[in-house]
Each structure stands twice: as structure tokens, then as C-alpha cells.
Amino acid sequence: MERVLADALLTQSREPGELLGALCGGEASAERAETLRLVLQRLEERGAGAGALAKAAHEVARDHLVPLLHASQGGGPARPRVLRAASAALRSCARLAGPELAVTLAEEALRELPSAPAVELLAAVAPCLRAPEDAPLLRRLGRASVELALAGDAPPAVGARLLPALAQSAEPALRAAWDALSSAGPGAEGSTGPELLVLSALAEKLLTNHERHGDLDARLCGRFWRTVQAGLGRAQDGLTRKRARYLLQRAVQVSAELAVDCSCSPQDTKGPSLFWWSEKRKDELLKFWENYILIMEILEGNQIHVIKPALPKLNRLFECAVSEENGCWLFHPSWHTCIYKRMFESENKILAKEGVIHFLELYDVKSLPYSPELSEFITGPLMDALSESCLYSRSPGQPLGSDSPLGLKLQKFLVTYTSLLPEETKSCFLLKLIQRMADRHWCAVPVLFLSRALASIPSCKALGGEGLLALRDVLQRTMITHQVLLRGAAQCYLLQTAMRLVDVEKVSLSDISAFLLSLRQEESLGRGTVLWTELCDWLRVNERYFKQSSLGGSDGQEASLNAYVKNLVQEFVKSPGWEKESSFMPDWLDARLTALMVLLAVDVEGLKTKFREKQRTQNVLRIFLDPLLDALGKLGTNAYMPLLRTDRCLQLLVRLLHSCVPRRPGAQDDEVSTALQGSIMSASESVSQFVLRRLTMNELQDVADLDRCQLYLTVLSELMSLQVKLGWKAGNPISRVLSPLKNACVRHLQEAEDRQEPTLSHQVQRVVSMAALAALCEAVDQYPVLQPDSPNAEPVDRFLSALPLNHVLQKPRSEEQSIGVCPLENGSVFEESLSSKGWGKVVAQYLHDQWVCLSFLLRKHHHLIPSTESDVLEGFLPTAETPVQALQAALDVLTVLPAGRILPVFRCMEVLVPKLLTSEETLCIESFDVAWKIISSLSNTQLTFWPNLKAFVHFVFDHEILTIAAKLKGQVYFKIKEIMCKMIEMSSIKSGVFNILIRHCCQSWLVAASGVSQGSFSSAKDYSELVLEACVFGTVFRRDQRLIQDVQTFIENLGQGCAANVIIENAKREDYYVRICAIKFLCLLDGSDVSHKLFLEALAIKLLDKDESASRSRTRYHENSLQHRVKNRVWQTLLVLFPAFDQNFLHGIIDKVFHAGFTNNQASIKYFIEWLIILILHKFPEFLPKFWACFSYGEEKIKASICTFLSVLSHLDIIVQNIPEKKLVLKQALTVALQWCLSHNFSVRLYALVALKKAWHLCKTLQFEECGAWTAVIECSLSQAESMHGAGNARKNWQRIQDHFFFSTFHPLKDYCLETIFYTLPRLSGVTGEEWIALDKFANFTDIPSNAGSQWYLSGTALGELSPGDWSQQDQGSTLGEADSQSEWADVQKKIIPWGQSALESDLELEFQDRAAKLGKSISRLIVVASLIDKPTNLGGLCRTCEVFGAAVLVVGSLQCVSDRQFQHLSVSAEQWLPLVEVRPSQLMNYLQQKKAEGYTVIGVEQTAQSSDLAQYRFPEKSLLLLGNEREGIPANLIQQLDVCVEIPQQGIIRSLNVHVSGALLIWEYTRQQLLGCAEPPS
């Protein structure tokens, strides 16, 4: 058409030049530019290019087209059309006007680069340049184009027009472009896309099937292949990856067409080439690259169900890549790693996990030859992929606390891979791996499993000093913020790694000790653990082989551990002469190191002398401690001992006492700790006298000395604790210093009150004295034996009580400028100078210590605190006798004290508030508010939050406060309820908050319950909602939170084999411990006690209301949702409470219980309801009439829940046990069962048959003669159930329901225990593993004592040994992949109509065919299977399409979809005229096999490597069309059942159609071929 128009214009014009001039005139527009292009192109085709026309073309180019290109730069909607037309017209002008115009325009454009018009000009004229004459210009053009493309910010026209034009240019331009590309240097990560853009544009010239010089053959260039690999594996955008695949595919195609051997030079002489071709192995090579490209294309789909079936092809690639003859690589392994890189980079984390697992499993099948590229891949991209925590989640079906499948595979892979590495490369590989762990911040879970994998590597000499340093870096850099238990376990594994992999000949004992110091002793390296013993044994075996230590002597013993430790202690204790005397304390790290090595050396010696004399161990310990004991013994007499030395000695003493006690569960002092404690006690008198002198003789005069004060008080506390442990006797060395210390401190404080202008030294002494008194008060509180009997105690108490509260220490002015301190590494509390902040810490310490003393006094003399002002006694203890002022002072001090100093204030308030609750309610409420505000602000501060929260709970929820508040029912009562709700709300975000609250309240109520007073427990009823919330507490955690909990449970299950379990105390902050605490508390209450009974009944009513409100809630209710879990916990608790219910109480709640049976519940809840009804009817048969009445409601109302009551009826033998006259009950049971055996609902009939069989068996057992007339009917019904249900799955279902645990094994009385309620029944009924509470969890929770009756805990039947059955587990049972060996049954608890479980029966088909014949419809033999489709809109549309085109049957996953409004809206009643059959997804395998046996061809609508084109496919008459799921398509196991896959030809970019549209296209094509007779033979 365009040619005709151009010819018409040229015919009408006499001169072409005039026509061109006319077209160039007027307003520039896209239409005018396109018309000009048409005319010029037609003139060029005619070959007219001389004379006037050439001149006219030159003028058009110069005067019109070039300005037009520049003018269109401004934009506008028509700009692209103008650019395209003008560029094409300009190219024609250049050809018409001659080569001079092209050269001139090209030179001008090169000067104007990188503007868009210049790019358009070059794209237009580049193909017009001549090779020999314009070679320099062509080379300039080639280089400029490539540089512009690689710059990254080039105009879009570079890739769209300039580079394709360059490909059409002469060879000099191509060669210059290739040289520019090759000399660009190593490509950065962001340069891969631009490079591939250039290569794709030049591919026809660089990868051509014509003979070309080798330097222009991209296949021979290593840089080309590395760029392609980067695009395949690392490119983020799909277009770049597509270009890389295109280049690879073209290179392979060109190699096959040329049929010439070639090879890209290898990167090294040992490995294979990046690319090579051999004509002899053409078929093998083509197959390899076809599979490779196919895999890379499949990975673009990003869908696991599409990709997983292709992974076996990846295995085949590895098999082809390794020579079977010599075991070396044929193909460069970097090609295989590109596939894994692509999988690791996928947005689909499931796909990334599959990629990681596939790589880790490689060495299970075949041992691959060593390759540096593979090692780099493991330490690079694989390590990056392994850093994702979500990869380590447990598989579906694995119990809680199971090992991570990926963690196990990683462990096995690392063991296998390192065992195959050459010895000379193993060290380098492991070092890089560990350094990679230290180079980045890892989450806790990956570090744990990587550390375990490293610890599993067999022992070898792989790591030297650098490796040990890398392990230290992992400990110190990557694990600071990890969860404590996970961090402790990882440290254990890293220590085992060091012991297995370190070459002891390359490291010294100093290196080892420095590494051990980086382990946290309070988390991993505790004495007495299995790990400690393993470390000692390793040191024993290797101590003679360590490299010489810098501390060693020259006598040949430098490598001995004993010699090293002896020198270490000597060097530590003595004060170095070169070290200046400083006012600051030394760092604690050296003391930690020395104490650790002393204890290790002693235990190593113990292993050596295990079967010899034990005295040697004590002698070795004495040798180590001699320098220390000698120095300690001189402390009390040598006044000139350097301060630094005394500090070090006392630090070492503290660390030794802290570390020497074994950390085994229930461990007591062993001979080492006993000997060590005895040795230290021998110097106790000297040490205690030294401490007394330093604390009382004004020797501590500087702010920095306050750190020393803390050290001295810690030493004194340790000595007191040790003396009490050994036996506190009058006149012992410790007791002799306590009274002088107390008196001196009081004297100093009294003197300080009288001074007008205090100096720094006096103020420091004042702080020291108060700190000493606080330490003594805490010691007496902890060890009552220290309480002095002397009359001197009362004056001290009176003095402390008379001190002004919250007195702020005056900042000393005279010395403040001259005092300053420098920061210490150990983060001392007093390390700042006397700035406001620095002195503020001193004041805070003083106030804290004062409130410690006051807290001690108030608890000691709590009986003296008056409740009202009229009760005040004569002033003995002023503070105790003025509680209002004391409480107000407490509120004041809370506003100034830091979070770490408020504990004693809370303890004081705990004593004061109960006394003032009646008279000063407003002040008490204010104290609650202030305290809660502080606690809520600390929720992100781990170190201070938990101790403060515990003190807060003890204060606000004190039993006396709760009792008084409940009695008054005033504002305090409602404030407590408000705080209670806020704490429960906080606990949903921060696990463990509710645990502390419920534990404290239950413990205090149990103490009250065991008291003599009858009313002491009565107030608990007023707070029963707290127990209610505890019984149903527990949130649904995010996936990452569940992963952390799973891994923590896994570590706990390791037991004492993991040292972290022994050392780290389990805080029991998990949510299920809240429920355990509440349940154990309820189990301990006595139903015969009136107050207990009232409490339990009130709780039961609240539980039933909770269940009812949950049922009415509009929250989405599905299996294991929060609503399901709450209802589940409600009925579990009601079962626990049942023994306390009497008949009168049950009269009030029985209707609610029966009503709950009519509610649509999950299976687990129905079991609990049924169980409770059985127990009620068993204990109180008087409620049987109400039970029979439940069967009398209209069928429409109860058809979905009548199965609940039929299940109860099936346990008739339990119900009638306490009924003397059983005949009427049995008769009624048979009547009801027979009635419901006639129900139209298949599920109801099955339940009724079970109940009938059980009742009839009971009648025969009891020889109930009055039912003899029913024998024939009942026996016939039961016989039919056994034998006549042979068609379809009915017989299987009848057998399954009889074998179901609730009807076969479960015994309502013998199984009535905590184990069944909280573990066995949830497990058997499909509740998530997070809800299973094993019996050992109850036993481990010792804060609440267990019930004396052990039978209440353990089940008496074999119920716990069963596995979940199909009847209740249809939605979680066997997967599609297992359907051929285990079919599934519908969950009758979910209101599913199960008649469609059986295959399509012939009578049903005939019925629909007969109806269709009467209506004149044409019936095909096409079956459409839509069981995998989820959305009702798609199902409704398919139903309508199938009915319109006369399909035989539409198979759906559940006939419930028919009642969905969305389905009905799209089906427009088509379901009434089309046979619908229910086949659940788990039954599809059997259904497809059955239909294949009947002669059907199973056709899948799926894109696969061997799919048939729909346009070419001929449908058989008996066709079964299987449609895939909306998201996942057809599962891989079902694809194997397909006879053929048909795909719809597509022209667009989007890779898939809506499933309804796809199905409709195939249904129409079948109808067109089979029924309309329009089929054409395939071409």
C-alpha cells in the first residue's frame, strides 16, 4: 500500500525535487515525515540518484531532516514516530546524495555525542560508510558506540538503533567495537547488562556461520563467556538474562553449523576450557547445551512446581560434565554454578532452598573432581544463600524440635566435600569458609548450623594461627545480638571445631587461651560439662606439641600446660615494674583468662591421675595458687603492697570462686572446688582485714576508687557465702570484721552529716560506707545466720531509718577541677570525670544503696508500719513509722534513678503500699502508674527489664494488695485489672511477661490455699479472668519467630550433650508455660473446699462464655488459626476442671455444653466436646433426657453437627455404667441410631452405623432380650454395611471410621489424663505441633508443684502409640505424591458431602445422559477435571463453559463450591444441567488411573519440554482434560500420569493464561473436532 501511494505521488509530480521540497515545507509532523520517508525510499529503490535528485536529497538532509531530528528532542507524543521516519529518510538521502554526505554527517554527529539527535544521525548514516575509504571514521564510530553503550546512562536509541546499525556497518567498525569491548577491563557487576546489550546487537557478526578471522570469533574469547555467565547467573533483570541465553544458544548453533573444532583458551592450564566444540562429539554436546538452556529457561518461571521436575536434568548435566575415563571435568564447572546462582537469586525462597538442597546433595550421588571454581562458589554464593534463616525451617510433618533437614544436609556435605579435598587445598578452603563467616553479620540460626557442620568435620591439621583468629572473629563479631541459647550452642560447636581442625604445632598455648577467652563461660564453657571434659582431654593429649609460648622458660618445659599456667599465675600476680601505679582498676579480662587456665590445667592433671593418686591433683592446684595465696596472706599486714597487685589478686580470687563450681545438673563441689575453696579460706582472715581497712580507713578517696569498693564488697560477699557453706561459727575470721565494718560505716555517715563543705574524699567515703551497709543488709537477707544477736543492731537500724531519704550528695567543689578519669575497656560505672553525668552516677549509687538498707529495715520491722496516722508508735524507726512520706519519697526517687537501680525501691513499695491501701488510695494508684510507666519503657532493655518486671509484679500483685483491693472494690482494684490487661497485651509482643505474672499469682494463691484461714483464698475468685486468660494464652507467631522457637527446642532436646543447656538457665518464657502454670495450679485446688469450688465454677462459666464469643466472632476461622487454638484451649481446660463440677452446677451449664456441640468446630474441638459430654453422662445420667433431645431438632439445622452426638452415642458402654436399669437407655439408643441410619447424608449414616454397631454389641453383651424383635433389622443393616458397600470407596470409609482412634482405642475414663488432653489428642486430631504440650514440660515446670496422683498425668491405654488417621486428617494426610499408595477421606467434621468420593457411577452417568437426551442436548465423552482449582470464580466459569459445549462430567475438589455465591454468579445455574463429581486432590491419582483403564486419554494443560501444540493436536473421543492449580499448575507427580501435554500457542510476553480461559479454549477445540466435524488432520 505504501509503495502504491509513493508511486502515485511521484507520478503526479514532474520533478522529484519539487515533490521533496513540497513535503519539507509546512509544519513538521509525524505524518509529513513518514510521507517523506516513503518517497525517498521509493526513489532509492528506483535507482535514481544522480544530478538534480542527488542535490535535492542533499538539501533535504541538510536543511530539513537534520534540524527535524534536533527539533524533536523536546518530546511530545509523536516524537518516536518523527525520529523513526526522519532517521530512515536520512539514510535514503545519504544513499541518494553520495558517500560525502554520510561522512560529513557522521563526523558532525561524533562531535555531538552523547546527545540523542547525534545517536539518531549515526544510526542513519553508519551503514552508508565505505570500508576502505572511511576506515578511520568507521573505527571511531565503533569505539564511540561501544563506549557510549557501556557508560550506563546512554540514550535508549543507542541500543535500539545505533548498535543494530553498527552491526550492518563495514568490518573496520565491527573490529573497533570488538576491540573496545575486549579492552574495557574486568566488568563490574553493573556492567554485565550493557556488555550483553552490545554483544546481542553484534551477535550476527561475532557469532556467524561464515568463516571469519579468529580474532572476531567471540567463541574463542574468555571475556565473552565470562560476561555470558555473569548474565545467566547474577543478572537481576530478565532481559539481560534473556540476552545471555540468546548468545549461548547462538554460539552453540553456529558451532554445530560450522562443524569445526574450536576451543576457548582455559583460564588455567589444569581446568577445561570455558567453551569448546568437537565435531566428533557433536550429538553429546548438543544434548548437553540443549538441556542446559532448557533449565535456564525453566528457571525464569520462578515456580517450584515447574522447576522441580527439571532438577533431574541438572543431575544429568553433572554426569555429562565429568569424564568417566579419567574423572576430570569435560565442561567448565562454572556453567553449573550459574544455574545455582540463578536459583539462589530467585525471589521465591522455596526455589532458593531447593537449589541449596540440590547442591548439597550432589556429593551423595557422585564424587565430583576437585575444582577451584567450585570451592570459590561454596565460600561465595553458597555461603550467601546459606545466610537466609528461612532455609532451615523443619519440613511439614516433622515434630516440633526436630533437626533442620537442610542443617543435616549441610553437615553431611561439608564432611564429604572436605574429605575429598586434596590436603594442600583443604586448609585454604576451610580458612576462607570461616573468614567468610566472620566477614558479615549472620543471623543466629545459620551460624548455629554452619558451626555444627564445621564441628562435624573429621579431625585434621587444617587451621593454624590465622584460622584460630578467624574463629575468634566469628565469636566476637557475628554473635553479639543473637539469642542466648543459640549463641551458647554455636560457641560450643565452634570450640569443637577448633579442637578438631587446629594444627597444635602451629599455635601456642597463649593462642589457645586467647581463643578460649572469647567464649562466654556463662553460656558455653562451664566447668563440669561434657564440653569441658572434652577440652581437658584434648589439652592432655596435645599439650606437648604446642608451639613454644612467649611465657615459657628455657628449660624445655615451655610447651607443658602446667609450666604455662604456673608462669601465667606468677606474671599475673606480681606487679610489673614498668607499669605505672594507677588510680584505676585493671581490666577483668586477665583475671578471667588466668582463672580459666588454672582450672583447666588442674582438671587436665586430674585426667592424667584418674587411676593414680588423687593427692597429686591437689598438689598441682597448690603449686598454681601459691603465688596468689602468698599475696593474699600478706594483704592484712603489708601496707605497702602495690595497689595494682592487690586488685589483681582479689579479681583472680573472685573469678576462681565463680568458675570452680561444676555446672552439671545437681552437681556438688568436687575435690578441686573443695580444695580451692579451702585454700582461699586459709587466707580469709588476711583478706577480710584488708577489706575492712580499705573500706573504713579513708583510703578510698577518688571517684575511680568506687570501682574498687565494689570489688572489695564482692570479695567480702564471696567469703561470707563460702563461710556459711562451710559452717558459720562464732568468732570466725569473717564474722570478726562485720561488726567493726558496720560501726565504722555508721560513724562515717554521722560525721558526714556535720560537715559544711564536704571534700571529694569525704564524699567518696560516704558513698563507700553506704555501699558497705547495703551489702551487709543484702547478705543478712540472704543468710539469716549472719543476723547479729547483739544489742548493737537496734541503734544501727535506728540510724539508717533516720537518714534523710533521697538526700542528694553535694558535689565537691574544691577538688572538682583537679579530678578526672579516663575511660576503661571494661566499661566501669564510675569511669567519667566529675561532670554532671559522672557525679550523677555516684549519686544514683548512693541513693540505690540507701534504699537497699531501707528495704531491709522495712521487711525486718514490717509489723511496726502503721496503717493510719493514729496507729503511729513512739519513734523507734522514723521511716517505718511514716509510711506516707516514705512512699512519696519512693515515687520521687523513681524519677531520678536509672533503670538498673530501682529494684530496692520496688521492694520498699511492696511493703508500704499494703499498709496504705485503705487510707491513701490515690497515692497507691499513683505508685502503680509510675511503676508501670517505668516498666513499659524498659521493654527493649534486656538486662534490666526482667529483674525489674519481676519486682514490679511482686509489688503490684502482692497477695495482701490483691486481697484488700478485691474487698474494697475501689479504684485500686480497677487499676490492678487495667495493669493486668496491659501486661497480657505486652506479652503478645514480648514473650515471658505473662509467665512472670501468672507464676507469681498462682504461687501466692497456693500459699493462701494451704493456709489456715478459710477466707485467704476467696479473693482469687475476683481475679479469675487472669487464670482464664492464662488457660487460653498463646499467640500465632510469625514464621521467623517460629523458626527461632523450633531451633531452641531442638537445642534443648540435645540435653546435656550441648553444654549450653547445662549452663544457661531456662527462663521458661515460652507461651505454653503460661498454660502449664495455670493448669497445674487448677489441678492442685480442692473441689471440696468452698472457696476453691466457687473459683473453679466461676472460671468454668467464663470459659464457656469465651468459647461462645469466639464462635460468634467474625474472625476467619480455619484450622490452627488463633480462634481455633483459643477454642481448643477452652475445652482442654474444661476437661481439667470437670472433676470439681457437681450436679447442681452442671444444671446451669449443660445447655451451653450441648449448644457447643451444634457449632461448626474443627475436629480437635469436637473430640473435646464429645469427651466432656460422655464424662457428664457417665457421672450424672440424670442429663440423658437433655442428650436425647439433641436428636430431635430439624435435620437441616443439625445435619452438619449430629455426628458429634452420634460419636457420643458410640461410647454408650461408658455412659450406662452407673445406670442400674439400662434397658430403656439401650432401647432409646437403638431407636436413635436406626433413625439416623436413614439420613440422606453419607457422613451421618456412617456415624449412625458406628453408634448402632456399638449399641447392638452392648445389647448382646448384656443379653437385652426385649430388643429381640429388632434383631433382623439391625443385623441386616450391619451386614449390609460390611458387605454391600463394595462399590467405590464406601467400604473403605466404613472400615476407616471403625478403625479411627476415637471409636477403636480411645477410652473416655482410662485416657482421662493430662497427657491425652494436652498432647495425644491434639496430635491425633491435626492440631499444629506448637499446641502439643508433652508431659515432660509439666514435670520440668517446678515453680508449681505437681499433683500427688501420678495417674492423673499418664494415660492408661495405647492411645499415645497411634498415628493420626485418615478420617480426621484428610487435609494433612498423604500428599499428592503418595496418593497412589494411600488414598484420603473427607473430614466429616467439616461439613463436606462425601458421596462424590467414589468414582463416577454408571447409573449417575445414565441419569444425566437421559436428562440431556430429553432436552435435545448433544453429549460428548469429554471429562474435565478441575479438582486442583481453588477459586470459585474459575470453577463457576468452567461449569458454564462445560455445560454450553456439552462436556460429559465436570470433576471438582469439593461439591461445597456449588453453594458459593461467586460460583453461582458465574455458572448461572449451569450446575443443574451438568454432572458434577467430587474427587479430592489427594484422590486424583487413583481417579486418573481408573479412567485410563477405561480407555480415556489423560490430557494436561501445561507448558513442558515435550508439549504438543493445540493447533496441531487431534483429540481422541474419550478425552480427560486435567487443569492445573491457579498458582502451582499441575503437580509434578500428576504430570507423570499424563498421556500428553497440550500447550496453547502464544505470541505475547506473558507466559500463562487464566486457567478458565485455557480450559475453555481446549474444550472448544475438542467440541470443534469431535462434535462439529471440523477436525483437520495434523500437518
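Count begins at 1; order follows the chain as displayed.
Note that Cβ sites are derived from N, Cα and C of the backbone, with glycine treated the same way.
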Per Swiss-Prot, what member of LEU1488, LEU1553 joins VAL1501, GLY1524, ILE1544, GLN1546 in binding S-adenosyl-L-homocysteine at one site?
LEU1553
Using a Cβ-Cβ cut-off under 8 angstroms and a sequence gap of six or more, which residues of the chain neighbour VAL1501 (S-adenosyl-L-homocysteine binding site)?
LEU1521, LEU1522, LEU1523, GLY1524, ILE1530, CYS1541, VAL1542, GLU1543, ILE1544, VAL1555, SER1558, GLY1559, LEU1562
Look up VAL1501 (S-adenosyl-L-homocysteine binding site) in the DSSP assignment and reduce it to helix, strand or coil.
strand
Please give the greatest C-alpha separation between any two of the S-adenosyl-L-homocysteine-binding residues VAL1501, GLY1524, ILE1544, GLN1546, LEU1553, in angstrom, as a whole number.
18
With DSSP assignments reduced to helix, strand and coil, which class does LEU1553 (S-adenosyl-L-homocysteine binding site) get?
coil
In sequence order, which same-chain residues at least six apart have a C-beta under 8 angstroms from LEU1553 (S-adenosyl-L-homocysteine binding site)?
ILE1544, GLN1546, LEU1561
To test your reading of the S-adenosyl-L-homocysteine site: which residues beyond VAL1501, GLY1524, ILE1544, GLN1546, LEU1553, same chain only, put their Cβ within 8 Å of the Cβ centroid of those residues?
GLU1502, GLN1503, GLU1543, SER1552, VAL1555, VAL1557, SER1558, LEU1561
Neighbouring C-beta atoms (10 Å sphere around the C-beta of GLY1524 (S-adenosyl-L-homocysteine binding site)):
23
If you count other CB atoms within 10 A of each CB, which of ILE1544, GLN1546 wins among these binding-site residues?
ILE1544
